[in-house]
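Q: Quick one: this structure, given as structure tokens, is what I'll be asking you about.
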Amino acid sequence: EYCIPPAYKEFPPDLMSHDTRARGGVWVHILVVLYMFYALAVVCDDYFVASLEECCSRLNLSKDVAGATFMAAGSSAPELFTAILGVLIAKGDVGTGTIVGSAVFNVLFVIGICGIFAGKEVPVTWWPLFRDSIFYAFSVVVLILVIFDSQVTWYESLIMLLLYGLYITLMKYNSAIHRWIATTFHIQENDLQPAMGLTAAGYDSKNYSSYVPFNNEIDDFSRQSSVPARPLDEIIRDLQRRPTLYEAALRMMMTRYFRPRTRFWAAAKRVTHEYKTIRRGPMRQQLPSQTSIDPSDFARYGKSNSVDIALSSDAEWKRLPRLHDGPVSICKWIVQAPLLATLHYSVPDCRTAAGKKLFIVSFLMSIFWTAAFSYVMVWMVTLIGYTMGIPDSIMGITFLAAGTSIPDAFASLLVAKQGQGDMAIANSIGSNVFDILIGLALPWLIQTGMVEPGSIAYINSGGLVWSVVLLFLTIVITIYAIHRSLWLLTPRLGVFLLVVYVIFLVFCSAVEFNLLGYVNPPMCDE
């Protein structure tokens, strides 16, 4: 009887025997995977994205093209490297499963929690959802046709890459296409509601999502201007009322400092560091007890660049913890310090003036560490899956997909709490286009066109084809559900999407375990 060789045999031998892992040693591997999730988030968000932004600046790329290419690669780097390792090293379905599972996670889970935690009905802008959903659905249909026979050739993967070039072209002429469609079909833009006490939302002609303009602030997305973005402390200082911590993060996130693909939670982290820095400074006695920020506090503190303040807070790992800091702080330092120190001394930080000059070195070192962390992560996951008797595709669809997408989920919570779930929807669906057309096609092309020219990349799991079919159905269900809710993001819609996500996981698991008929051959014994 035909069987599938265990993927873990493509990696170095484990220090533990199979019996040791089965008796509880597998928890060590699970902890290593969780640490790799954290490591990937740090290297991508703090270093890789910053180097890519500098690349875009040096190449003078337009915002839309940069967002669809370099910044998409930055935010989707963990999934991309997982897919490459899955095809070239593990020679299994863990990478493909991660891409498929991450796509479903981004659509159903992320949008679902946005609806639940928004706290109010949030209007959804039609254009980014329409644009990305149509292209996303088309990409999934192409993916179904490519893997339907469980074989992928070099020209099929090349076609998928060329389709992403078409998507970049669409983004380049985004404004013109939107105006043409709106004019041709007489579509009127709805007046967007103010979000939870913020000023009335304007309409972003570049990204087509609701945003909140600053007082006296020129947003490079909404207007064509050569005025550079100001430091955050100057922006907040000029605000005429006290913003909450969430509002400050949201406002900063909408400046040109943070392009569409940049992780949302990086903005929140920097604002948090601003607040912590002031609380530790001479003005801390004058700060209110609640988590709010007074613009005058920033003004009195000084005009130092906000990024520099954030970096000084990021360097807290350099200070050894003390006993009175408490066990939580000590454990946090023990976990973070080795990783942060390694990255600090090996990767130039493009958030600093000196680091910008070495952006190519930063770019290459970020790729190195992302590949290294992804390698360890996939290695551990294949061992966990074999020990527990779980197929690689299921490990990718569930465990790896959720782990690599958790930063986006937390970021979306921040946005949803401000009533701006519309931004998260456009970002989650747009990133899926990159994951499918680049994250899957590029590893296949490397395998079939470069490593072994003329060879065929095989999909081991027959159930994975059905998972991709379900992937197409999820976007149809999501768009229909949003339409039925009158283009409003509501808690009821959020609960519905989460239920659909659970059903997807249950059905995929049932197919992979042959509970609905024989689909997958068994895994070979040791």
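Each residue, glycine too, has its Cβ placed from N, Cα and C.
When I checked TrEMBL for this same protein, it listed these features:
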{"type": "TRANSMEM", "residues": "26-44", "note": "transmembrane segment"}
{"type": "DOMAIN", "residues": "30-171", "note": "domain 'Sodium/calcium exchanger membrane region'"}
{"type": "TRANSMEM", "residues": "65-90", "note": "transmembrane segment"}
{"type": "TRANSMEM", "residues": "96-117", "note": "transmembrane segment"}
{"type": "TRANSMEM", "residues": "129-148", "note": "transmembrane segment"}
{"type": "TRANSMEM", "residues": "154-170", "note": "transmembrane segment"}
{"type": "TRANSMEM", "residues": "358-382", "note": "transmembrane segment"}
{"type": "DOMAIN", "residues": "360-508", "note": "domain 'Sodium/calcium exchanger membrane region'"}
{"type": "TRANSMEM", "residues": "394-416", "note": "transmembrane segment"}
{"type": "TRANSMEM", "residues": "423-446", "note": "transmembrane segment"}
{"type": "TRANSMEM", "residues": "458-482", "note": "transmembrane segment"}
{"type": "TRANSMEM", "residues": "494-516", "note": "transmembrane segment"}
Q: Does the chain bring the transmembrane segment (26-44) near the transmembrane segment (494-516), so that three or more CB pairs sit under 8 Å (pairs 6 or more apart in sequence)?
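A: Contact absent: fewer than 3 Cβ pairs fall under 8 Å.
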Q: Can you say which of 65-90, 129-148, 154-170, 358-382, 494-516 has the most Cβ pairs under 8 Å with the transmembrane segment (458-482)?
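A: Most Cβ pairs under 8 Å with the transmembrane segment (458-482) come from 129-148.
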Q: Kindly report the helix/strand/coil residue split of the domain 'Sodium/calcium exchanger membrane region' (360-508) according to DSSP, in that order.
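A: Per-class counts: 126 helix, 4 strand, 19 coil.
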Q: Just to be sure I understand, if DSSP states are collapsed into helix, strand and coil, how many residues of the domain 'Sodium/calcium exchanger membrane region' (30-171) fall in each?
A: 118 helix, 4 strand, 20 coil
Q: Would you kindly check 65-90, 96-117, 129-148, 358-382 and say which stretch has the most C-beta pairs under 8 angstroms to the transmembrane segment (494-516)?
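A: If we count Cβ pairs closer than 8 Å to the transmembrane segment (494-516), 96-117 scores highest.
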Q: Which range out of 65-90, 129-148, 154-170 gives the transmembrane segment (358-382) the most CB pairs under 8 Å?
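A: Ranking 65-90, 129-148, 154-170 by Cβ pairs under 8 Å to the transmembrane segment (358-382) puts 65-90 first.
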